[in-house]
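*Asks:* Provided herewith is a single structure, encoded as C-alpha cells, for subsequent inquiry.
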Amino acid sequence: MTLRLYDTATGEVRDFVPLAAGKAGIYVCGLTVQSEPHVGHVRSAVNFDVLRRWLAATGSDVTFIRNITDIDDKILTKAADQGRPWYNLAYDMKRELDRAYADLNVLPPTYEPAATGHVPEMIELIELLISKGHAYAAEDGSGDVYFDVRSWPSYGELTHQGIDDMEAATDADPRGKRDPRDFALWKGWKSDSEPRTASWPAPWGRGRPGWHIECSAMAGKYLGEAFDIHGGGVDLRFPHHENEQAQSRAAGGAFASYWLHNAWITTSGEKMSKSLGNSLLVPEVLKRVRGIELRYYMVAAHYRSHVEFSFEALDDAASAFQRIERFVEQYPGVVGELPDAFVAAMDDDLGTPAAVAVIHTLVREGNAQPGAAAKLAGQVRAMLAVLGLDPADPAWAAGGSGKAETALAAAMELVMQQRAKARADKDWPTADAIRDALAAAGIDVEDTPDGARWSIQNGSV
Ligand SMILES: Nc1ncnc2c1ncn2[C@@H]1O[C@H](COP(=O)(O)OP(=O)(O)OP(=O)(O)O)[C@@H](O)[C@H]1O
Ligand SMILES: [Zn+2]
C-alpha cells in the first residue's frame with residue numbers, strides 16, 4: 001500500500017513519492033512565541049507528529065524541522081506592554097510551548113531552528129533575490145526590502161490566485177512599494193519605537209527579517225532547496241506559504257513537493273484565537289483531562305476537519321480513551337502487528353478517525369473473547385504507539401508537571417516493598433544491595449521505627 005496525502009497545492013489526494021526513496025524531509029511552521037499556547041496552537045504540532053510517526057512506522061527515515069518565530073511585531077509590542085525585553089518574553093513563551101508539546105507527547109523535531117539564530121542565512125537569501133531582480137530596497141529610505149511580486153509570474157500558484165485578485169500585503173508601509181502586494185523580506189529598524197537589540201546589521205541598514213523569509217531560509221538550510229512536505233495551519237496558506245514558495249522558487253530551488261494544512265480548533269464555529277477571547281490555554285485544559293486524553297481528542301478527528309471544541313466532547317473522548325486504556329493495560333508489554341484496516345486508514349491521507357475506529361473494534365472484540373484478548377491487545381498497543389497514544393510510553397510519565405513525581409513514587413513503592421520483604425526474610429545482603437543501588441541513583445533510604453523512608457538526596461519530592 002502507498003501513502004496518499006491531500007496536497008493543498010494541487011487540491012488532490014495523491015501518492016506520496018519522496019525525493020529520495022526511504023527518506024522524508026518535512027518542514028512545519030512553528031509558532032510565534034508571543035503568548036501562552038492555547039489548544040488551537042498545538043493542534044498542528046499533534047497532527048504533524050502523527051504524520052511523522054506514520055512515516056517512521058512505515059520505514060521512512062524522517063527529518064522533521066519545526067521552527068520558532070522568536071522575533072516579530074507582536075512579540076515586540078507585547079514585551080513593550082509588559083515592560084520587559086522582547087527576548088525574555090519569547091524565551092518564556094517558548095518554554096511554555098515546550099511544556100505543552102511534552103504534555104501532549106509531541107516528539108521533539110530533528111531540529112528546531114529559531115529565526116533569530118538564522119539572520120545571516122536570511123540576509124544571504126535576500127541578497128540573492130535582489131541580484132536576480134526579484135527584490136528591491138524600498139525607495140523611501142525606510143531600510144525595508146520587498147519581494148517584487150510582478151517579477152515572479154508564478155506568484156499565486158500555490159493558492160490559485162491571479163495577482164490582480166490578491167489582497168495587498170499588510171506587513172509594510174505601502175509608500176515604498178512598487179505594488180501593494182509586494183511583501184517585506186526585511187524591515188528597517190525604527191529607532192524611535194523599537195529596541196536596538198531587535199535589529200541586525202544588513203547591507204540595506206539595520207533591521208530584522210520579515211516572517212516569510214525566515215521559513216524559506218531555515219527550510220533551505222536544514223532540508224535543502226527541494227524537500228518533500230511542507231505543513232502548517234490552514235490559515236498560513238496565504239500569504240505566508242504562497243510567499244515562502246515564491247521566494248524560494250525565485251531564488252532557484254524547487255521547494256516543497258507536497259503542501260499539507262491542518263484545520264482549526266473552533267469555538268462556536270470560529271477559530272479559537274486569543275484575539276477573539278475564546279481561547280483555552282493548554283495547562284487549563286490539562287486540569288480537566290490528562291495529556292494523553294487531550295491528544296486522543298485531537299487525533300480522533302481528521303487533520304483536515306475543523307474540531308468544534310467543547311468540554312462535553314472532550315469528556316466523551318477521555319471516557320472513550322479510558323476504555324481502550326483499561327483493555328491494553330491488562331496485557332503489559334505485549335506488542336503485535338498493525339491490522340491491515342488500520343494501515344489502509346492511515347495510508348488514506350492519515351485517516352485517523354477510521355484508524356481509531358479499528359482500535360475500538362479490536363477492544364470490543366478483546367473484551368468479548370478472552371481467549372483472543374492478548375493478541376488483540378498487542379495489536380491495539382501497536383496502533384496506539386503509531387498515534388503517540390501508548391499509555392505505557394515513558395513520555396507520558398516524564399511529560400507534565402507532577403507526572404514524573406507520581407511515576408517515581410509508584411516505582412519506589414514497589415522497590416521499598418521488595419526491600420521490606422528482604423528484611424522480613426532476614427536477607428540482609430539483598431536489603432543492603434537495594435539501599436546501595438538507590439543511594440547510587442541519588443535516593444537515600446532511612447530505616448526508622450515506623451518503617452523505611454526514602455528521600456532524594458539534597459532535595460525533596
Ligand atoms: N484555533 C486554532 N486551530 C488550529 N490552529 C490554530 C488555531 N489558532 C492558531 N492556530 C495555528 O497556530 C499558528 C500560530 O498562529 P498565530 O501565532 O498566528 O496565532 P493566531 O492565529 O493569531 O492566534 P491567536 O490570536 O490566538 O494568537 C498558526 O499556524 C495557526 O494556524
Ligand atoms: Zn512558515
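Keep in mind that glycine also has a Cβ here, set from the backbone N, Cα and C atoms.
Okay, so TrEMBL annotates it like this:
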BINDING   Cys29, Cys215, His240, Glu244  Zn(2+) binding site
MOTIF     31-41  motif ''HIGH' region'
MOTIF     271-275  motif ''KMSKS' region'
BINDING   Lys274  ATP binding site
DOMAIN    341-398  domain 'Cysteinyl-tRNA synthetase class Ia DALR'
*Asks:* Around the Zn(2+) site (Cys29, Cys215, His240, Glu244), what further same-chain residues have their C-beta within 8 angstroms of the site's C-beta centre?
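*Replies:* Leaving out the recorded residues gives Trp211, His212, Glu214, Ser216, His230, Gly232, Leu236, His241, Asn243.
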*Asks:* How do the residues of the domain 'Cysteinyl-tRNA synthetase class Ia DALR' (341-398) split into helix, strand and coil according to DSSP?
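*Replies:* When I sort the residues of the domain 'Cysteinyl-tRNA synthetase class Ia DALR' (341-398) into the three classes, I find 46 helix, 1 strand, 11 coil.
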*Asks:* Please report the number of other Cβ atoms within 10 Å of the Cβ of Cys29 (Zn(2+) binding site).
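*Replies:* The answer is 24.
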*Asks:* Can you give me the same-chain residues 6 or more apart in sequence from Lys274 (ATP binding site) with a CB-CB distance under 8 Å?
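*Replies:* In sequence order, Ser35, His38 meet the Cβ cut-off.
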*Asks:* Mind checking which residues reach the motif ''KMSKS' region' (271-275)? Cβ under 8 Å, same chain, six or more beyond either end.
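*Replies:* That would be 35, 38-40, 235, 264-265, 309.
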*Asks:* Can you list which of these binding-site residues (Cys215, His240, Glu244, Lys274) have a Cβ closer than 6 Å to ligand 1?
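*Replies:* What lies within reach of ligand 1, judged by Cβ under 6 Å, is Lys274.
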*Asks:* Long-range same-chain neighbours of Glu244 (Zn(2+) binding site), Cβ under 8 Å, sequence gap at least 6?
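*Replies:* Glu244 (Zn(2+) binding site) has long-range Cβ partners His212, Cys215, Ser216, Ala219, His230, Phe255.
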*Asks:* What are the non-local neighbours of His240 (Zn(2+) binding site), defined as same-chain residues 6+ apart in sequence with CB under 8 A from its CB?
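*Replies:* Once residues fewer than 6 apart are set aside, His240 (Zn(2+) binding site) is near Cys29, Trp211, His212, Cys215, Gly232.
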*Asks:* Around Cys215 (Zn(2+) binding site), how many other C-beta atoms are within 10 angstroms of its C-beta?
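*Replies:* Cys215 (Zn(2+) binding site): 29 neighbouring Cβ atoms within 10 Å.
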*Asks:* I'd like the per-state residue tally for the motif ''KMSKS' region' (271-275) from DSSP, helix first, then strand, then coil.
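*Replies:* Across the motif ''KMSKS' region' (271-275), the residues distribute as 2 helix, 1 strand, 2 coil.
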*Asks:* Using DSSP, tally how many residues of the motif ''HIGH' region' (31-41) sit in helix, strand and coil.
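*Replies:* When I sort the residues of the motif ''HIGH' region' (31-41) into the three classes, I find 3 helix, 2 strand, 6 coil.
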